[in-house]
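Here is the structure we will look at.
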Amino acid sequence: MLRHDSRSENQLRNVEIETNVMKYSEGSVLITFGDTKVLCSATVEERVPKFIRGKGTGWIAAEYQMLPRATQTRNMRESTKGKVSGRTMEIQRLIGRSLRAVIDLTLLGERSIIVDCDVLQADGGTRTASITGAFVAVQLAIQELMRKNIIKKNPVKDYLAAISVGILPSGECVLDLDYKEDVAALVDMNLVMTGSGRFVEIQGTGEEATFSGEELNTLLFYGKSGIETLIAKQKEVLLVSKRQETSQEKKEVLIATRNKGKAKEFAAIFAEKGFTVKTLLDYPDLPDVEETGKTFEENARLKAETIAQIVQGPVLADDSGLIVDALLGQPGIYSARFAGPNKSDAANNAKLLHELTGIATEKRTARYHCTLVLAEPNKESLVVSGELEGTIGTIPQGENGFGYDSLFYIPSEKKTAAELSEDQKNRISHRAKAIEALRGQWKS
Ligand SMILES: O=c1nc[nH]c2c1ncn2[C@H]1C[C@H](O)[C@@H](COP(=O)(O)OP(=O)(O)OP(=O)(O)O)O1
Ligand SMILES: [Mg+2]
């Protein structure tokens, strides 16, 4: 076994970031890396240190401290000793410097954010955990300032996280050393990096040992991948905490779609019911969910349940498509990817016309299908669907709508879906019918 806790060489410890854990701080975070636990609290003060006063720019500083029993034996508090150690001083300056690298101090205005990083339990990597947690605490404090309209523009230029890497006595390069590994390590390195993959600081030392350029590259590579994971985690928790605040204030539904046409229809239909609609287009940090299901329901479930689990709130997803009888139900769940993975309405329509070449009008019957899944964490999902009957035309007609609308002729309206006004389509569409079915079941 390579590592005493059976991690692989490039595996982080279990990382948790709990937000808003303190009542009075503008932003607070409890960050955990295995047995290392750091409490980070960000305070906003309407003043700046003397040396920048009157310049209109802000300041960010950090303090770092270990609780007496953060370690195996009790360490006297530095306040009792009456002296801040060199190590503490160095670490708190590193934290402050790192945060200032990604925050535009002029946009902060003449105010300070002070981050207190208190190590509750130390099992290696406390300074890097402090930086990773402090960044989230500062972001939360800034979100608060923006919500209160105290600052207009977000001063956060990039994400920021830190991690340790090192070389074990076995010669193996590893990511995220715990204390046991750290004391034995031949080489010990702390990396601070941004979301765009740039370095803020590299602290690397051979402990009575040396390391090669090749080993350095491996360490940087492991560190970079660890930091990417940490930043994805930061994005996730920040998004959840932001959504919890906004959804408390407003009636808002999150729809797990990136399709602009759908988004517009949902917004119009839900507006009548007093809801605002947000989609994945509003949250670019949320992942793309692969549609690996074999039915509309499976795909809609995948989209809704994956995103609901991440945002820890209710999420609606739509999986829809065109079912053409002469094509034995195709394109069906593959409607968006009918002409290939690069999703283009024009290419899909061209392919549909091509496949139907020579098929007589009365044999060109089709229907739009929509399955909606409403998912909430730890609840059974609601599943509803709706359909709209039509036939496939031979030339595109109409400018409205999206997808296959200009080829989808609706006999009852004597128009294609693209010739209907937005309102008309939203009254009769498969999507509208599904939403109507949902309404009866959805208590909110
Ligand atoms: O009212 C409609 N009018 C025209 N075309 C429509 C409609 N409703 C679905 N369709 C077509 C478009 C797309 O080719 C496929 C949906 O595929 P589907 O995977 O559900 O959506 P998508 O990938 O575009 O967005 P997302 O998965 O992010 O919701 O069916
Ligand atoms: Mg899709």
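Every residue gets a Cβ built from N, Cα and C, even glycine.
As written in TrEMBL, here are the features:
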- 11-140: domain 'Exoribonuclease phosphorolytic' (DOMAIN)
- Arg87, Gly125, Thr126, Arg127: phosphate binding site (BINDING)
- 158-225: domain 'Exoribonuclease phosphorolytic' (DOMAIN)
- Thr257, Arg258, Asn259, Lys260, Gly261, Lys262, Ser320, Phe402, Gly403, Tyr404, Asp405, Lys425, His430, Arg431: substrate binding site (BINDING)
- Glu290, Asp319: Mg(2+) binding site (BINDING)
- Asp319: active site, proton acceptor (ACT_SITE)
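For Thr257 (substrate binding site), the nearest neighbour among the listed binding-site residues (Gly125, Glu290, Asp319), judged by C-alpha distance, is Asp319. A Cβ distance below 6 Å to any atom of ligand 2 is met by none of the binding-site residues Gly125, Arg127, Asn259, Asp405, His430. If you draw a 10 Å sphere around the CB of Gly125 (phosphate binding site), it holds 25 other CB atoms from the protein chains shown. Between the binding-site residues Gly261, Gly403, Gly403 has the most other Cβ atoms inside 10 Å of its own Cβ, all protein chains included. Candidate binding-site residues: Arg87, Arg127, His430. Fewest other C-beta atoms within 10 angstroms, Arg87. Apart from Arg87, Gly125, Thr126, Arg127, the phosphate site neighbourhood in this chain, defined by C-beta within 8 angstroms of the site C-beta centre, holds Tyr64, Ile91, Val119, Ala122, Gly124, Thr128, Ala129, Ser130, Asn190. Confidence for the domain 'Exoribonuclease phosphorolytic' (11-140), expressed as mean pLDDT, is 96.
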